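Inspection log for the structure reproduced underneath, given as structure tokens.
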Amino acid sequence: MTIIVDYRFPPAINAEKQAKTIAIGQTAGTWSERHSHRQEQLQQHLGEVVGIREEADGYKVARVRFPQINVENDIASLLTMIFGKYSMAGAGKVVGVYLPETYGTKAKVGITGIRQRLGVYDRPLVMAIFKPALGLSAQDHADILREVAFAGLDVIKDDEIMADLPVAPTHERLDCCRLVLEEVRQQTGRNVLYAVNVTGKADELQRKARLLVKHGANALLLNVLTYGFSVLEALASDPAIDVPIFAHPAFAGAMCAGSDTGLAYSVVLGTMMAHAGADAVLYPAAYGSLPFDPQEEGKIRDILRDRNVFPVPSAGIRPGIVPQVLGDYGRNVILNAGTGIMDHPSGPASGVRAFFEALARIEAGDSFDPANLPEGALKQAILEWG
């Protein structure tokens, strides 16, 4: 079996030459007469340039085919092969990676499992982020959770910045919030997921994740790009960690934002996350607060859903843009809001209710024009943020 990778080069770069350099340099490493006696042995490991196309802007996309036998069915060896040292060679960007269906680690829970655990099948899920990100005590987290959970929230997560800090140690946050989750379940019959941020050194992370699950965590959050894809793979493959893992995109810009270098966002936040075992992946929405290419966003959405991974467009999501989100995503999406819920003029519970009012108006085909909105949480949100 083979792995296909697309590299995009600016007009000033000799794409044919660079593609051949990658095909040989990132596989056998050399292909000279000195090694002719090993030709048959080396041939099976050699990459091959299989096509080059020119785009309208003069850029060229070279497609290189790599033997799958060169890698270990994981993301680390894959990235080392397809871009490794060549990532330091100058202009040239990985814009597509096409892997066999069986490559890597599949989501353990995914879209279907998350919906089953919540008992919600016919609408988008609504998710919040604890805010302020830092400075809240463990009990503060529980108080906020109680307010938004009883308003109907499906999922809440730690802010990615919230590590295992003295102000609110991870296990204390979980202990306080777990009581609220049980209270909500007993009084309403509803389950709410709390994605606890797993942090620490590599030799501690898996043990900490197991302990969190053992002590009642029903979801985990991981900053995959700062801790490494190998950590995600280890957590996703661990039978003792039987909860959904929400993958955060922190640091993705350092890998992907360059126009002619690095890897495309759809490769890192789509293909790699989907083949490393994430159950849900957060990433910026094009109409949110961070600049993001709508084409890349669409690719990420489709790549994730093809492998039963929940897309979670984020950063600036607010009730007033729910029609646009659903127009792009349909119902299989998680609406993830931080300030769009926590900074609602009437409080976080009203922030949650505003999202559900938005979903109800879309279902009914009603207008979002403030002049046509009844007084309530949604109208307040739209007047505040548009």
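Every residue, even glycine, has its Cβ placed from backbone N, Cα and C.
Just so you know, the Cβ of Lys85 (active site, proton acceptor) picks up 9 other Cβ atoms within 10 Å once every protein chain is counted. Positions annotated as active site, proton acceptor by Swiss-Prot, on the basis of sequence analysis: Lys85.
According to Swiss-Prot, the substrate binding site annotation covers Lys131, Lys157, Asp158, Asp159, Glu160, His248, Gly316, Gly338, Thr339. Asp159 (Mg(2+) binding site): 17 other CB atoms within 10 A of its CB, across all protein chains. Classification of Asp159 (Mg(2+) binding site) by DSSP places it in coil, neither helical nor stranded.
Feature annotation from Swiss-Prot assigns Mg(2+) binding site to Lys157, Asp159, Glu160; the stated evidence is sequence analysis. Within the same chain, residues at least six positions away from Glu160 (substrate binding site) with a Cβ under 8 Å of its Cβ are Asn197, Leu221, Asn223, His248, Ala250.
Of all the Cβ atoms in the protein chains shown, 25 others lie within 10 Å of the Cβ of Lys157 (Mg(2+) binding site). Annotation comment: Swiss-Prot describes Lys157 as N6-carboxylysine, evidence class sequence analysis.
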Using Cα positions only, nearest of the recorded positions to Lys157 (Mg(2+) binding site) (Lys85, Gly316, Thr339): Thr339
Spatial neighbours of Thr339 (substrate binding site) that are distant in sequence (at least 6 apart) but have CB under 8 A: Lys131
Cβ-Cβ distance under 8 Å to Asp158 (substrate binding site), same chain, at least six residues away: Ile129, Phe130, Arg173, Ala195, Val196, Asn197, Leu221
